[in-house]
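For reference, Swiss-Prot has these:
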BINDING   Tyr5, Asn45, Asp72, Gly113, Leu114, His115, Gly116, Val117, Gly118, Ala119, Lys337  ATP binding site
BINDING   Asp499, Asp501  Mg(2+) 2 binding site
DOMAIN    419-534  domain 'Toprim'
SITE      Lys450  site 'Interaction with DNA'
SITE      Asn453  site 'Interaction with DNA'
SITE      His506  site 'Interaction with DNA'
SITE      Arg619  site 'Interaction with DNA'
Amino acid sequence: MKSNYSATNIKILKGLDAVKKRPGMYIGSTDSKGLHHMLWEILANSVDEVLAGYATNITVTLDLNNTITVSDDGRGIPYEIHQDSNISTIDTVFTFLHAGGKFDDQSYKLAGGLHGVGASVVNALSDHLEVTVKRNGQIYQSVYQAGGKIIQKAKKIGDTTSHGTTVSFHADPKVFKKAQFDSNIIKSRLKELSFLFAKLKLTFTDQKTNKTTVFFSTSGLVQFLDEINNTVETLGQKTLIKGEKDGIEVEVVFQFNQSDQETILSFANSIKTFEGGSHENGFCLAISDVINSYCRKYNLLKEKDKNFQLSEIRQGLNAIIKVNLPEKNIAFEGQTKSKLFSKEVKNVVYELVQQHYFQFLERNNNDAKLIIDKLLNARKIKEQIKQQRELKKSLSSPQKEKILFGKLAPCQTKKTSEKELFIVEGDSAGGTAKMGRDRIFQAILPLRGKVLNVEKINNKKEAITNEEILTLIFCIGTGILTNFNIKDLKYGKIIIMTDADNDGAHIQILLLTFFYRYMQPLIELGHVYLALPPLYKLETKDRKTVKYLWSDLELESVKLKLNNFTLQRYKGLGEMNADQLWDTTMNPTTRKLVQVKLDDLINAEKQINIFMGEKSDLRKHWIEANINFSVEN
């Protein structure tokens with residue numbers, strides 16, 4: 001059947017309709033990440049007032065119904081009738097795409113909200129939004145509903161001696177479904193901003209918990225790096241480099257450490273560039289060139305030795321890169337601004353870092369020796385891993401099958417996106433899972449031996465020769481560390497399914513530590529999940545009602561509604577029969593899965609070091625600060 005294609009098929013989306021039709025083009029997604037991006041857009045406008053030198057306080061409030069409010073003490077959005085829209089400037093900013101104060105080269109010399117769509121996009125994707133502006137001794141207010149429809153045009157509602165802008169919005173549940181603001185994600189971002197702008201006061205109030213947190217830093221990026229380095233053993237001193245060229249301001253602080261994990265955070269005009277870009281490229285290239293030049297000058301690399309690759313140098317490097325660029329120079333890839341694409345900044349960052357870091361190493365020979373000795377040792381380990389990879393390649397199919405024999409129960413489908421790998425604790429639960437699964441798309445891998453704590457080993461060779469770890473590597477297929485290739489992934493979902501007890505939780509942490517250290521992109525790309533088996537089975541005496549419960553809170557709620565029932569507490573997966581395990585934990589339509597996310601890299605690194613590392617004093621401190629040992633009768 002052919003369809004007609006004519007002029008009537010061409011649609012012109014007016015006003016904010018384009019945003020409502022394709023929200024992902026403007027905020028990246030309509031899940032939790034997209035919801036928080038809405039907040040970042042409004043927050044960026046307040047931060048632009050800080051960049052311009054007019055604001056010193058920002059407050060964020062999350063109320064009980066998921067409405068969020070951002071307030072600053074900047075200049076306030078102008079109220080006057082706009083010459084092009086013929087409505088107030090406040091309403092223009094919130095109802096017209098590409099309307100803002102960042103285009104005239106005068107109001108903001110530096111700004112992060114450059115596309116002029118942030119405020120209007122948030123309005124388009126909210127079912128309610130209010131703007132209150134304090135400016136020139138007067139208070140103005142606008143109210144919008146249903147995706148930007150003006151309910152109350154901007155009007156004067158009072159007088160004031162203060163100044164600033166307050167925006168409150170409630171995201172449209174039709175767009176964001178069940179997504180909720182996460183106070184931990186918000187606090188993490190505000191904490192970053194306090195480090196980026198020393199002496200800026202940021203206050204967050206979560207009305208759900210009735211807690212207020214204040215973020216304030218006196219030493220900026222140096223304090224930020226100290227926070228990142230809190231749980232690692234550092235090598236030498238911190239290096240702080242500041243400079244300016246052609247109107248581009250650069251501030252970089254970095255330090256090497258004994259681990260092999262890198263944390264490189266970059267910001268452009270206060271916008272966090274998750275995917276890096278030209279400023280990161282300039283920094284990394286400069287560090288690489290300086291270290292290799294230093295090694296050649298002092299014969300620390302033999303003539304036959306190859307230069308250190310950037311991937312080698314970045315291991316154990318923690319760095320924060322902050323650049324401020326004039327509006328004419330700055331360009332981001334995409335509306336979500338996750339990657340900086342300004343060509344000029346790469347050269348400026350490179351020149352400043354290259355010049356100052358070489359001088360730093362010349363003045364601090366002991367620091368240079370510590371760093372380069374570590375790089376040489378890491379190169380030896382890399383060679384060992386390469387040999388192990390060659391061993392893997394050399395294994396014939398029968399040999400690989402021998403390693404997996406009696407362990408992996410494969411599935412039938414060949415489509416990676418549909419395949420699920422359940423990593424199960426022990427043969428007992430593994431046997432039940434094999435019987436209860438859907439063989440078409442679900443594979444089962446029981447773990448028989450103890451999972452290695454990779455955080456406590458000194459040599460990576462110990463990890464890649466451990467039988468359980470080697471089995472995981474073969475099953476998943478991507479390789480590890482620098483040899484990781486997501487294209488070789490064999491399963492769309494990797495699901496850790498353990499007992500709902502302390503031992504099960506410990507196995508989860510051991511496996512997550514391995515994935516985080518050796519296969520981090522699996523987590524970053526959303527392939528790792530935790531299965532949630534129920535804690536209780538409740539059945540009425542007449543056997544007409546059977547309920548599975550996942551928490552004590554659910555249990556107490558059900559007890560109020562039902563009488564005459566029997567209750568079974570599951571101590572392990574093996575206590576369920578195959579049908580029960582399928583219904584509660586494996587069936588995609590009824591199960592509960594938790595996707596493991598890496599929203600806060602710094603906090604993840606810190607938690608891994610605390611719980612799985614060698615420093616018992618860190619664990620003791622965490623327990624004392626977070627666990628209440630009081631007993632209630």
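Yeah, the Cβs are placed from backbone N, Cα and C, and that goes for glycine too.
Asp501 (Mg(2+) 2 binding site) falls outside any helix or strand according to DSSP and counts as coil. Taking all protein chains in view, 27 other C-beta atoms sit within 10 angstroms of the C-beta of Gly118 (ATP binding site).
Mean pLDDT for the domain 'Toprim' (419-534) in the predicted structure: 85.
Within the same chain, residues at least six positions away from Asp499 (Mg(2+) 2 binding site) with a Cβ under 8 Å of its Cβ are Glu425, Ala429, Pro533, Lys571, Gly572, Leu573. The closest partner of Asp72 (ATP binding site) among the recorded positions, by CA position, is His506; the full candidate set was Lys450, Asn453, Asp501, His506. For His506 (site 'Interaction with DNA'), no same-chain residue 6+ apart in sequence has a C-beta under 8 angstroms from its C-beta. When the alpha carbons of Gly118 (ATP binding site) and Asn453 (site 'Interaction with DNA') are compared, the span between them is 45 angstrom. For the pair Asn453 (site 'Interaction with DNA') and Lys337 (ATP binding site), the C-alpha distance works out to 37 angstrom.
Ranking the binding-site residues Asp72, Asp501 by C-beta neighbours within 10 Å puts Asp72 at the top.
You'll find the Cα of Lys337 (ATP binding site) roughly 42 Å from the Cα of Asp501 (Mg(2+) 2 binding site). Its Cβ placed at the centre, Asn453 (site 'Interaction with DNA') has 16 other Cβ atoms within 10 Å.
For Lys450 (site 'Interaction with DNA') paired with Asp501 (Mg(2+) 2 binding site), the C-alpha to C-alpha distance reads 16 Å. Set side by side, the recorded positions Lys337, Lys450 differ in how many other CB atoms lie within 10 angstroms of their CB, and the most is found at Lys337.
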